[in-house]
């Protein structure tokens, strides 16, 4: 909840109870503090003449001509007497408490009362702090013949000369945000906003090799995009919701898309948030909120030092990321979670085990890493007086990470293949105390009788109670572990998240009702604990675990509205399962085979399905970070949602079976499979190889309507039919050299690219391989 407080001519938006979760995007701590004068008395000006001034305490601001952006003074709730100058959203369609700041003069620079921001007569923008009596930031343009300033409609503050050439612009010196059209060029940096008077250590950096990197301090890179092979690239946010790496000639080398890519959205921005994550935000007119439609690091716990000195990142019961201090004997001072120092540990030290936890040192960040066994890793720390903790990674790498600092952070998750040990002093009371031995008093010895039945009864009762207790504890621990894993899974599957759920085989059986509802070959319907329906695909258990995890990680990072989203997976012992989003209307195959259902596939729907599937395959071939083919495109692997929108599933599974082929050959395989699918949609025949020659003959003789599925009514568009058949026959050409790309296929189906009459697909042609073989043998063709 946000409280609005007016005072001294300024609007202060106060967000009480600021917690770790408030560092996440919905917190929007930066929205808070906007000058009342900027809100109520902004002046829409197309030009800002030399000598113009904005002052703390005055109700003035500079506004873009369209009114969407304004620049003026604002302050933070925790710094009521400190002010900054910034550009913010100013549109009337965005409520005051949602008008976030997108650029700040000088970054973290603040000034006191009676300070001012001025475009001086010499053409230099100056921020003057009245408390210090000096300029704290300037544009350094006094010698560049600046004639005026303009706050443009895209939020860019520019200084122009008499010829209207741009001399300086705010887009070239970003703070923590990029607006559409703004570029982050080589060596430029975004830095997250400061907190509690301390500058952030998180930055987004464009390096000289063409990689976009998220960094902590200057040495830790925890996320990167692009390949280190292209120089002079820039990161740019497009107006349609895409973050791209482009060359000066606008050639695109990498891109990622928000969930609302190509949707009509009036305002967007990309921001490096205070929690170290890079997010793309879109303004939702209906809900009147900023919505995160993409983030660089899906699991917040994977952001380096996301908890800083507050402990370990983990999931709470509601599935949110929280910071906890699991070290029971840690030093907790001033809300810091520090590992105990061992310098004055007279009783000796012990190693406390923390399963499924990965630790690393901060301040400094340089851990000592070696390859050894778990026991050796543990003993190395125990014997080293300067060691405070170690983490052993038991995923096959056998890495031992030794920390020698009290400042330790990390993350915990039931799926982590890592075990950590934290050193602490031994409790002196836990050791056997050494006391002078005294002779026990001599008791008076008397003969006594032993009650044998009593002893047997007591022993039996003790054993029975012990067994009951053990069974109870085992059941409790099992349920606790199962619930914790389920909560962790829920955290990854919350709405808007693209994280993969890692499930055990037991959980797979539970969510499918012990595989009770089969909806296809080795495909079962199920439901996640939050009642979200899913489709579970069983794969061969012989697939190598490491290869399987690598493949699902790659496939799980891909999002497109024409691709069925991979929700999670199971990789346990000899069990391999994929969990997809559930499509209400099932596979396209059953609609082709069932005469009753086929009637629901109108001509319009069939063409829409063809176009949507084509766009999805085109996305896999060209829009992903790396080329990806489907490899097995057929009607069975196309599903229809509740609106009969087509989604392609089981893409990229060729990686699981080691199907290695060239990029060109893989793309051509998808093109051929797509041609078969379109012919199936047009003709209604599943096995198109049996009807291909006949279909081509009917088309050549001027009777394309004979190829159309007889279950369709008189609703076929003759022009669309002609385009569909032409591109189908081109896709099915035996000569791979003449096959079109998926981009060309989509354009033909969309009607934006004409297609020439194709030759016969299988006759009167010699494949490229046959030509090469014939040439080598010296034969004439």
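Easy rule for this one: first residue shown is 1, then count along the chain.
Including glycine, each Cβ sits where the backbone N, Cα and C put it.
When TrEMBL is compared with the stretches 407-430, 431-454, 455-478, the one noted as transmembrane segment is 455-478. The stretch in closest packing with the domain 'Apple' (345-425), judged by the count of Cβ pairs under 8 Å and taken from 47-172, 175-293, 465-781, is 465-781. When pLDDT values are averaged over the domain 'Apple' (345-425), the model yields 88.
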